[in-house]
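**Q** The structure under discussion is supplied below as structure tokens; questions concerning it will follow.
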Amino acid sequence: MSVNAAILAYTHRNLAPGPLVLTVPAIMITVCMIRMLIWMRPVSARDLDVTQVENRLKRTVFLGTVLSVAYVCWAMMLDQYGGPYEHGHVAIFVAVTVLGCIFCLTFLPVAAFLVAVSVLGTFVVYCFVQKAEVMLAIALNISLVTAVVLKILRDYYNSFVSLEKSQRELQGERRQAHTLSEENARLAQTDSLTGIPNRRYFFRTLESLLERARPDETFTIGLIDLDRFKPVNDTHGHAHGDRLLQVIGQRMVHLCPDNAIVARLGGDEFGLIVMDGPEGAERVAQQMCRAIQEPVRIGDVLVSVGCSAGLAVYPETATSADLLFDRTDFALYHAKKQKRGQCVRFSEKLEHLIRSEQAIDAALHSADLTQELSLVYQPIVETETLKPLGVECLARWSSPTLGDISPELLIASAERAGRAREITLALFDTALSALQQLPASLRMSFNLSGHNLCDPDTITALLDRLAASDCDTGRLLFEITETSLITDIDTAEVALQRLRETGTRIALDDFGTGYSSLSSLHKLPLDIVKIDRSFAARLGDASGRRLITAIRNLVRSLSLDCVIEGIETEDQLISARLAGFTLAQGYFISRPMSLSCLLEHIEDRSTARWSAA
Ligand code: C2E
Ligand code: CA
Ligand code: CA
């Protein structure tokens, strides 16, 4: 409209008086420009409330009408000057103004209508007053076209409004449907026992986090697994177990900060996602672990469980959900095995461990066990005379690809591959044939893993082999560790009973490192306790000696024999003797050796005592 007005003023520059072709249009154009600038100032609809929006629309209706009438009146004034061309130009100006304005005001029909009526009304009245026939015809012409355009615009506007309305209705319905399905979804993502989010929710959240995560963003996922939950379930019943899980779930939720979620992944395993780096996440996990370990009163019993946690950090540890979870799981597994009751973060060291585990698994897969597996024998002697009482069989795996692998790694890998039984039986066959070659005065200890103990078929196979070998079962001793009893104490106990019924004896190995409480010691069918080698190193200091003597007295009070392991120096041997130990084992007395070496030593009667091979 402003450009049109400027052009109209230009064609009348020499015909009309100065103020009319300069001052008046200048003022009107300035007002329009200011209005336009205000109009174009960015404003978000969200910043305005309904009354503010209404006021703005009213102002547009008012200004639109007033300004367009002002332009038309000005054009009528210019029409006093000039010839037929100039009159025609004025008519075109009016027509263009009206049509342009109402078109731009499509979505504000009131304004469009008012502009059209006031502008055309003014123009028609003017033409009547002027009694200019052609001008009147043009006015009618424009009015007709405007009426049709207005009608079309109104229809268009109405359809737009009804579309809007039906869309809004549809949205309303959808929203309703949405809340229903949201409720269903919520239920599907909630653990029914504890009422906290479930596994599905945990993985959904993890996946959507990974989808949205920026490379510079970091978060940590954690797994918390309860220790000794099964015994609670077994001794107090499932109702108590359920209640315990509920209380623990609530404690965890209570401690869960705003930037974290906690979920029950199943059984006694909980998942954690913390939108924070490892330090922050570790703090949260540790707090939760402490809370879990607080005893819980259920009815009239007080139960308590332990827990271990594993953590992995995005993106430094892994960037995919599967890998991230696997590594958290590995960290947890590591915590449970090596740092029970603690929180372990997946680190490069663990990564290295995985790699080496994978390499070991692969090597075991292609190993020729009859060639690569062997046993070495370490004497157990009387501390006073250094006379050997027996030998302990220790597995050795010499892999052509990886070299010598420690028996712990071998056993762990065999368990992962589901070959624990096969390997134990192969070793046991070797042990039995060695037993037959050794003097009848010597006993033999054979190590059993927790896996072996929990597998009744392994026990049966061991007993079958033992029966077939017709060796004196009284010479045989099975060594078990405390940790092997934790997983499933009932099955383990049955296995121990079965072994003992044949006349073999049972030794509890590595005593003092595990968690079996001293009180449970007398409940187990044991004959011997082997004090872990870490205690031998403490024989040098007074407090260590007091501790070891106390353990020794306790074992004696239970009428069990006691062996101290890991004697590496003469001083330690003397201290062990003074502390009342009658049996010992260790590098100072003898390193583990092959069967032929062992037999040689035995033959060499002149050897006063066992020396390192
Ligand atoms: P363990 O049953 O406690 O076996 C004693 C370990 O201590 C052996 O390590 C032995 O070489 C080592 N040792 C003996 N005297 C000393 C000493 O004075 N100082 C030190 N620092 N160490 C000493 P090895 O042979 O590496 O075996 C490690 C573990 O692997 C064994 O610990 C046992 O738990 C397991 N293991 C070995 N053979 C078998 C097996 O045939 N079956 C099962 N299930 N486990 C086995
Ligand atoms: Ca042992
Ligand atoms: Ca041991």
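Here the Cβ of each residue, glycine as well, is placed from N, Cα and C on the backbone.
In case it's useful when we look at the structure, here is the feature table from TrEMBL:
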{"type": "COILED", "residues": "163-190", "note": "coiled coil"}
{"type": "DOMAIN", "residues": "217-348", "note": "domain 'GGDEF'"}
{"type": "DOMAIN", "residues": "353-606", "note": "domain 'EAL'"}
{"type": "TRANSMEM", "residues": "20-39", "note": "transmembrane segment"}
{"type": "TRANSMEM", "residues": "60-78", "note": "transmembrane segment"}
{"type": "TRANSMEM", "residues": "90-123", "note": "transmembrane segment"}
{"type": "TRANSMEM", "residues": "135-153", "note": "transmembrane segment"}
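Any idea what these are sitting next to in the structure?
**A** Proximity of distant same-chain residues to the coiled coil (163-190), defined by a Cβ-Cβ separation under 8 Å and at least 6 residues beyond the stretch ends, is recorded for 196-198, 200-201, 204.
Residues 1, 5, 8-9, 12, 16, 20-21, 24-25, 28, 31-32, 35, 86, 90, 93-94, 97-98, 101, 105, 108, 110-111, 114-115, 118-119, 122-123, 126 of the same chain lie 6 or more positions beyond the ends of the transmembrane segment (60-78) yet place their CB under 8 Å from a CB of it.
Within its own chain, the transmembrane segment (90-123) is flanked in space by residues 1, 4-5, 8, 57, 60-61, 64-65, 68-69, 71-73, 75-76, 78-79, 135, 138-139, 142-143, 145-146, 149-150, 153-154, 156-157, 160, which lie at least six positions past its ends and keep a Cβ under 8 Å from the stretch.
Counting residues 6+ beyond its ends, the transmembrane segment (135-153) has Cβ neighbours under 8 Å at 87, 91, 94-95, 98-99, 102-103, 106, 109, 112-113, 116, 120, 123-124, 127-128 in the same chain.
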**Q** Across the domain 'EAL' (353-606), what is the average pLDDT of the model, as a whole number?
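**A** Its mean pLDDT is 90.
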